[in-house]
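Reading through the structure tokens given below for one structure.
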Amino acid sequence: MGGAVTAPAVATGETLVLAEWFGPTFQGEGPSAGTPASFVRTGGCNLGCVFCDTPYTWDGRRHDLRAELRRTPVADVVADVLAHDTPLIVITGGEPLLHQGQPGWDRLLNALSYHGRRIEVETNGTIVPSSLTSHRVAQFNCSPKLANSGEPTARRVVPAALAALAATNKAVFKFVAATPGDVDEAAAIVAAHRLPRDRVWIMPEGTSPATVLEASRAIADRVVAHRFRLTTRLHTLIWSDERRR
Ligand SMILES: Nc1nc2[nH]cc(C(=O)O)c2c(=O)[nH]1
Ligand code: SF4
Ligand SMILES: [Mg+2]
């Protein structure tokens with residue numbers, strides 16, 4: 001037990017390093033696309049994909065992370081997103097599961113579910129979810145990265161994490177693809193890790209309406225051929241790469 005010098009948990013614990021939180025908007029990607037949603041975007045990522053659309057959450061070479069990221073009281077974030085009055089809160093990043101184990105993470109999930117919000121977590125599928133995370137999260141939108149990310153296989157495909165996510169029965173698997181070959185590569189990962197095929201979504205790469213449409217046209221036939229599901233990026237079609245949309 002701590003002695004008299006131990007600070008009470010509330011003084012130090014219930015914060016998270018965040019890039020931004022925003023809403024109301026729509027969930028733009030995956031099975032819940034079109035659902036009114038608010039977003040909490042955490043700081044930091046354990047990967048560095050070449051196509052990343054949020055490098056300001058992790059890339060200190062291109063961005064001033066001391067300006068972009070802030071240690072934020074979770075109570076402030078919860079009050080703001082509840083006021084947006086959306087049924088869905090999407091926690092994204094960066095890689096949000098890096099924040100597991102911090103008191104602020106548990107507090108965020110507990111508070112949002114106490115208030116009846118559906119919680120989705122966008123994750124790159126390389127980190128095992130904790131039992132509290134698995135309990136509170138309604139859906140993991142798990143996006144294993146392909147070779148087109150520029151990351152080596154051993155960093156981007158972590159079998160134990162994929163297995164743990166699949167075992168929650170709350171994961172959908174969303175692969176970012178620009179070419180038919182990317183879709184085949186996704187299919188190989190699905191087969192190798194026995195991911196549930198009826199929960200696989202392919203999403204076009206792109207940060208503008210033109211590039212999202214171009215990628216969609218390039219991959220559509222191959223997505224059908226594999227009998228996978230296709231999602232678009234609604235927010236990108238509408239708002240391009242505007243932040244906080
Ligand atoms: N509208 C909207 N939907 C999203 N779905 C996943 C997002 C993300 O950045 O992870 C995202 C985002 O940034 N905006
Ligand atoms: S895993 Fe996601 S947030 Fe991290 S670098 Fe890749 S695309 Fe960006
Ligand atoms: Mg985004």
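Just so it is clear, glycine is given a Cβ too, placed from its N, Cα and C backbone atoms.
In TrEMBL, annotation is done automatically, which means it is predicted and not curated.
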Recorded substrate site member, picked from Thr72, Thr86, Thr92, that accompanies Phe26, Gln27, Gly28, Arg41 in TrEMBL: Thr92
Alpha-carbon distance [Phe26 (substrate binding site); Gly94 (S-adenosyl-L-methionine binding site)] in Å: 19
Of Thr92, Gly94, Pro144, binding-site residues neighbouring ligand 2, Cβ under 6 A: Gly94
Largest separation between Cα atoms (Å) of residues that the record links to substrate, namely Phe26, Gln27, Gly28, Arg41, Thr92: 15
Other residues, Cβ within 8 Å of Phe26, Gln27, Gly28, Arg41, Thr92 Cβ centroid (substrate site): Thr25, Glu29, Ala37, Phe39, Val90, Glu122, His235
For Gln27 (substrate binding site), nearby residues of its own chain (Cβ under 8 Å, 6 or more apart in sequence): Ala33, Gly34, Thr35, Ala37, Leu88, Val90, Glu120, Leu234
Residues that sit under 8 angstroms from Cys52 ([4Fe-4S] cluster binding site) by C-beta distance, when 6+ apart in the chain: Cys45, Trp58, Asp59
